[in-house]
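As recorded in Swiss-Prot:
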type    : residues                                                               : note
BINDING : HIS186, MET187, THR188, SER231, ALA232, SER233, TYR273, TYR274, ASN317 : substrate binding site
Amino acid sequence: MFKREEIIEMANKDFEKAWIETKGLIKSKRVNESYPRIKPIFGKTHPVNDTIENLRQAYLRMGFEEYINPVIVDERDIYKQFGPEAMAVLDRCFYLAGLPRPDVGLSDEKISQIEKLGINVSCHKESLQKILHGYKKGTLDGDDLVLEISKALEISSEMGLKILEEVFPEFKDLIAVSSKLTLRSHMTSGWFITLSELNGKKPLPFKLFSIDRCFRREQKEDKSHLMTYHSASCVIAGKDVDINDGKAVAEGLLSQFGFTNFKFIPDEKKSKYYTPETQTEVYAYHPKLKEWLEVATFGVYSPVALSKYGIDVPVMNLGLGVERLSMISGNFEDVREMVYPQFYEQSLSDRAISSMVKFDKVPVLDEIYDLTKELIDLCVKNKDITSPCNLKLEKTFIFGKTKKNVKIIVFEKEENKKLLGPSILNEIYVYDGNIIGIPETFEGVKEEFKEFLEKGKVEGVTTGIRYIDALCFKITSKVEEAFVSNTSEFKLKVPIVRSLSDINLKIEEIALKQIMSKNKVIDVRGPVFLNVEVKIE
C-alpha cells in the first residue's frame, strides 16, 4: 500500500522529483505472469444456441408468437396426421419404455433371508409389506425405495440396499416394456395438438413459432444427420392462408440470415399431412458462400389431418433445421463436430500457444529477480564487443543473516569473436502453430528460410521472450540456488541452442501435444556462445 501522506508531502516540495521517484512503487508482474503469458479469458456461446436465439428474434420481428409444443406424442396422433403412411413414419420414432413394477411379496423365505442378515423383521413386517405394496401400486417412487425400506426396518441405507440386492433379485431381472408414447420426431406432430387446443380460443388469423428439440431414429449418425436436432417451425392459421404465405415467411425469415434470392421447388416427398402440391423446398442464395442451398420446407396442412383435430381453417407450416442453418452460418462441414466439439480435436490459436511458452527457472527472491534486468541490459549493450573480452556485474545481498557478494562474469576467450553469438537476440514467435526463433534482422539468413521467418515476424504472435532474457533468468536462478546450497562458484556454458530447454523455456503439455499431432515444429536453433562464471563470497 502507498504511504499517501509521504507521497503528497514529497510532491508538494518537488512534484517532478516525486513523479519520477514514485515510479518504483508500481511493481511489474513477474515474467511468467506478464503479457502475453496472461491473456483475457472470454466466455463462449454454442453456435446452435446462437442460431436459436437469432431465429427467435427473427420470428418475433415478423410478428410471430412463441409457443412450446408437446415433446411426448402418443402414436395415435401419428396415425391421425399421416393416415396410411403412419407405419413407415413410426419407424423413425423413438418409443418410450419403462420398467414394470414387480409384484414382490414378503414370504417366509424372504423374511428368513432378511433375518440371516441380522435384522429382526417381526416388529416391522407390516411396515415393510406396506412399502412393497405402495411401490407396486405406484404410490412410492423407485428412487425412494431403499430409503423407505431402511426406515421401516430401522437400519442404515447401506443395509437397505443390501436387502434389495440379495433378498429381492426380481428387481435386477426387470426388462423395459415399451409404451405407445413416442418422442416427437418432427415439430408438426406437436403443432396439431397445440392447434387443436387453440381452435376456438384464439382469434384468427394467428402466427405461432416454436424452436425446440426433436428426436429421429436414424440408421446411423453422419456428418449431416443426428438422432436429435432442433426444429425452428412456425404456423399461420387463418381463412385466407395458402402456399403464398409460406413463400413470404421463408423470404422474411431467411433474409435476416444473409440469404438473398429464393427458389421454391415442389418437394418430391409429398408427406400425407400436407395438402397435395403444397409441400415445397426452399432454396436460397448466400452471397458470401456464392451458392444455392436448401434451407427450409413449407406446406399447407391437409384438410383431412386438420379435420381429425377439429380444425376447420387452412394452416401453413414452415420448418427448418437449426443445425443446418448453424452449419451454413459458421461454415461447418460436420454437424457432429459443430454440436459436440468436446468429442473432437480442439485447435489452439497462435495467441493461445504463445501464452503457454514460459520461463522454466525464475528467481524467487525479489532482489535476485531484479538483478536479472541489470544483467540483460549489460549483455545486450555489450554483445558485439570484440574478444577476448569479459563483462562483470557485481552485487551484494543479505541472505538470512549472511552477506553474499555476487560477481557475474560473462566472457569470451577466443580471439576475433564477439562476446555473444548472433542468435542471442532471437525472439520466440508462434506462427501457424509452429514455435520458432526469429532473428532481429535477416542478414545472413539462408534464402530457403528467409521467407518463412519474415512471414512469422509479420503474421505470427510474439511471446516477447528473447534468448538473452531467458538465459539471464537461468543465471540468476542458479545464483539463488547457490545461496541455498552454499555453493561458492559455478559456470554456465551455452554454445548452440537446439531446444527450448537450452534457453530456460518450457511449454505446457496441451500445446506440445497439438504441435506434435499436427506435425508442426519447435525450431529455436541458433548460436549464442554464452560463457558465464559466477563467484559468490
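Think of each number as a place in line: the chain as shown, counted from 1.
Here the Cβ of each residue, glycine as well, is placed from N, Cα and C on the backbone.
These figures come from a predicted structure and were not determined experimentally.
Among the record's substrate binders, HIS186, MET187, THR188, SER231, ALA232, SER233, TYR273, TYR274, ASN317, no two C-alpha atoms are more than 18 Å apart, and one pair sits at exactly that spread. DSSP assigns ASN317 (substrate binding site) to a strand segment in the three-state reduction. Shown are the binding-site residues THR188, ASN317; of these, the residue with the fewest other Cβ atoms within 10 Å is THR188. Counting every protein chain shown, the Cβ of HIS186 (substrate binding site) has 21 other Cβ atoms within 10 Å. Cβ neighbours within 10 Å of TYR273 (substrate binding site), excluding its own Cβ and spanning all shown chains: 24. ALA232 (substrate binding site) is surrounded by 25 other CB atoms, counting those within 10 A of its CB over all protein chains shown.
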